[in-house]
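Per Swiss-Prot, ATP binding site is recorded for Gly96, Gly98, Arg99, Lys119, Asp131, Gly132, Arg182, Arg189, Asp268, and the stated evidence type is sequence analysis. Per Swiss-Prot, active site, proton acceptor is recorded for Asp258, and the stated evidence type is sequence analysis. Taken from Swiss-Prot, the feature Mg(2+) binding site applies to Asn259, Asp268, supported by sequence analysis. Taken from Swiss-Prot, the feature region 'Disordered' covers 471-493.
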Amino acid sequence: MPSSTAMKHQDIGWHFDNTYAQLPGHFYTKLHPVPVHEPRLVIVNNALAEELGLNFKASSEDELAQLFSGNQLPEGAEPLAQAYAGHQFGHFTYLGDGRAHLIGEHLTPDGKRVDIQFKGSGQTPYARRGDGRAALGPMLREYIISEAMHALGIPTTRSLAIATTGESVYRETVLQGAILTRVASSHLRVGTFEYLAAQEDKAGLKQLTDYAIQRHYPEIIDSDTPYLELLKAVMACQIKLITEWLRVGFIHGVMNTDNMAVSCQTIDYGPCAFMDNYDPNTVFSSIDHMGRYAYANQPRIAQWNLARFAEAILPLLHENIEKAAAMAEEAIQSFKALFQQEWLAMMRRKLGLFGEEKEDMEFITGLLQWMQRSHADYTNTFRDLMDEHFPEEPHYQDQEFKHWYDRWQQRLEHNTKPFPSSLCLMGATNPVVIPRNHRVEAALNAVEQNADFSKLHELLDVLSEPYKDKEKYTEFKNPPAPKERVSQTFCGT
């Protein structure tokens, strides 16, 4: 079996500067990925590589397979598994990177710092009873969705490459093993702070929090209350992130605190899915039996997670714990009003509305209620409203929608900008295509069952320009037929 050794990749352009590895040793465990027998390269994201200042074109497929399987690490890599905890479906537990290795932090040519992480790269001390491996299907799924989210303009981790391992993984069935290379602003999670707080490690907690501020929010370093400002900053950007999810009908599916990044990137695409017909109670995750992480519940869960973040850093907010609790409470209680303001602004953009009117909330809610009752497609409804004439589809012909449409036309007349500006705004806010679940599943099934990658590459191509209405996109705009509907998604761990 090959060993996980370092290899020189000067021509590729790696530039590692590993600051997390300089933090106290109990934050992580340093260890190499577990070598694999027969790695094969599946896909490389050359567009992302170019953004990172990396060039894989001079490397052979075998060299890249060795690299992205973890068998041969880039020079300067300093692999480790991060420790963290988390509230999973509301229950606290100790976790950590059970099947992932942070290879190091790469500096891009423009000075941006990103984590390079392997996922499915072998057991670590945090694996609990897991085998440390990942299957090809779920890794391809994360590749598809994360890159689609990026194209949609939503903050997200990215996918750089996938390699198969030549080994089987055992889930409900025997599956092909694979390793995903993930790129992230960092892997600092709310659960990372919870891990240290649970151990009452105030010194370590302060080091971690100072590190997070320096890495992600340097503008608040000189604040008189930097830790309170951190809480407010993370809350503000999480509100923006969740609002963006709602804009495109995205349902994360497993919003545990270990899956909330303080960088405010979308992270960990397990049982995620996109809503077809509008229903605020939509749930896809097979393990979310009570609908905790349903589409419309995501803002409330974000607030709950942020409250856990506030609890974790409470000792840093003020030396008087009662004053600290009051400061945290005031910040968390502001969530609802801030979210409503952000959501309302987003919905105005979806409808091409400029300016604000007091009836806007009731007006927007009226459309959503009609969409739910008529089982209207969430994505296509907003695109149909961009047509020059009243939409012709049968479900638009009822009196309730016609009445709403007339009100919308009147509201547009009150806009502070002309109608072409409204169309431009709507076009930039409402995607033509999303990663519809049945399309994703069809692409994955073709790969897993027939080793046919054509549907995968076609889907990736379509999703790379989601706001352009091209003729070749026609079939990808269609909602699923009844027999095509995906009713459940799975974690894949």
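Easy rule for this one: first residue shown is 1, then count along the chain.
Glycine residues also receive a Cβ, built from the backbone N, Cα and C atoms like all the rest.
Note that the structure is a prediction, hence the values are computed from the model and not measured.
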### Query
What Cα-Cα separation, expressed in whole Å, is found between Arg182 (ATP binding site) and Asn259 (Mg(2+) binding site)?
14
### Query
Just the number: how many Å between the Cα atoms of Arg99 (ATP binding site) and the residue listed as 'active site, proton acceptor'?
14
### Summary
Filtered by Cβ under 8 Å and at least 6 apart in sequence, the residues in the chain of Asp131 (ATP binding site) near it are Arg99, Gln123, Val169, Tyr170
## Note on the structure
The most crowded of the binding-site residues Arg99, Arg182, judged by neighbouring Cβ atoms within 10 Å of its own Cβ, is Arg182
### Other C-beta atoms that fall within 10 angstroms of the C-beta of Asn259 (Mg(2+) binding site)
21
### Query
What is the separation, in Å, between the Cα atoms of Asp268 (ATP binding site) and Asn259 (Mg(2+) binding site)?
6
### Query
10 Å Cβ neighbour count around Gly96 (ATP binding site)?
22
### Query
Expressed to the nearest Å, what is the distance separating Gly96 (ATP binding site) and the residue listed as 'active site, proton acceptor' at their Cα atoms?
9
### Summary
One finds that other Cβ atoms within 10 Å of the Cβ of Asp268 (ATP binding site) number exactly 23
### Summary
Largest C-alpha distance in Å for the ATP site residues Gly96, Gly98, Arg99, Lys119, Asp131, Gly132, Arg182, Arg189, Asp268, as a whole number, is 23
### Query
Going along the chain, which residues six or more apart from the residue listed as 'active site, proton acceptor' have their CB under 8 A from its CB?
Tyr84, Ala85, Gly86, His87, Gln88, Leu95, Arg189, Val190, Gly191, Asp268
